[in-house]
Amino acid sequence: MRLVADESRTETDCLGFSRGCLYSARSMTAQPFGLHAQKRLITSRMRWLCTAGLLVGLLHLSSSLLLGAFNIRTFGDTKASNETLMNIISTVVHRYDIILIQEVRDVDLSATTKLMEYVNKGGSEFGYVVSEPLGRSTYKERYLFLYRQQAVSVVKNYTYDDGCEPCGTDTFNREPFVVMFSSKNSASSSFALVPQHTSPDSAVQEVDALYDVVADVRSRWSTNNIVLLGDFNSGCNYVLDSEWELIRLFTDKSFHWLIPDSADTTVTTTVCPYDRIVVTSDMVKGVVQGSAQVYDFMADLKLSHSLALDVSDHFPVEVKLSS
């Protein structure tokens, strides 16, 4: 199921740094002295500022792409009704050109719609594509991708068929919702993103099975530009040292794990590298070396620990794709 924000937009006087303009001309009032000169000065300054803003926007479009994955704990109507949390989440989203959001508990997409309102502020900078609710039981989650529409576009998507859920022979609790994006701003003009939020108790089996998902993507779409990302629960007690050899995605050295075992992707007091980004041998050529990291939004946005935990118990992980 593909849902993309409306691409129509109206151009109005800019307010703040929005759509290439730094300040609104409407907010500038003439002073008592030199009224006509003041107006000319304001007009000239506004033209310069708007031009500068547009140039900044164009530079952003021509630069590399920043890709992120964020497990927002239990993202649904309750969280969407909290203005403080939504403003923080919106700020995090704006950091990225593409961001995967996990743990979306949103049956009717009302929380997703609210998020898009916060992110776009009446415009249409970001679009989205979202999976159906996924899960073996009544507890279900969606995978949600938000993306800058001027930077990338969705080419196609599908939900990986991992077997018969009613029969109990399926592999994943939440099977991957694979999306191919097209970009004018990265070395890889098109690439497939494979999201995965594993069940902690089945992390070893599910991460191993991502190897089969990659094979399916290669066969279906004839591409090896593939990024796997999400909350793999690949660390601490969920994947023991002795179990890594059971994970083909790890033992096959043509796959590159960009978030190391030493990373801490948790907001809590634990130190665990649950969230990961893995790329294929072809895709690694388009990765900016050293750009993969954990984004500590708590420190960056100067949030208290309790407020950060209200947002999520996970930090996003990210990587930059070269232009």
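FYI, residue positions are counted from 1 along the chain as it appears here.
Here the Cβ of each residue, glycine as well, is placed from N, Cα and C on the backbone.
Marked as transmembrane segment by TrEMBL: 48-70.
If you look up TrEMBL, you'll see 69-314 marked as domain 'Endonuclease/exonuclease/phosphatase'.
Among the features that TrEMBL reports, active site is placed at Glu141 (among others). According to its DSSP assignment, Glu141 (active site) is in a strand. When other Cβ atoms within 10 Å of the Cβ of Glu141 (active site) are tallied across all protein chains shown, the result is 21.
Annotation source TrEMBL lists disulfide bond at Cys164-Cys167 (among others). Under 8 Å, Cβ to Cβ, and six or more positions away along its own chain, Cys164 (disulfide bond) finds Asp170.
Marked as active site by TrEMBL: His197 (among others). In the three-state DSSP classification, His197 (active site) falls within coil.
Residue density at Cys272 (disulfide bond): 19 other Cβ atoms are found within 10 A of its Cβ, drawing on all protein chains shown. According to DSSP, Cys272 (disulfide bond) sits in a coil region rather than a helix or strand. The disulfide bond annotation in TrEMBL covers Cys236-Cys272 (among others).
Nearest by CA distance to Cys236 (disulfide bond), out of the recorded positions Glu141, Cys167, His197, is His197. Mean pLDDT across the domain 'Endonuclease/exonuclease/phosphatase' (69-314) comes to 97 in this model. Spacing of Cys167 (disulfide bond) relative to Cys272 (disulfide bond) is 34 Å (Cα to Cα, whole number).
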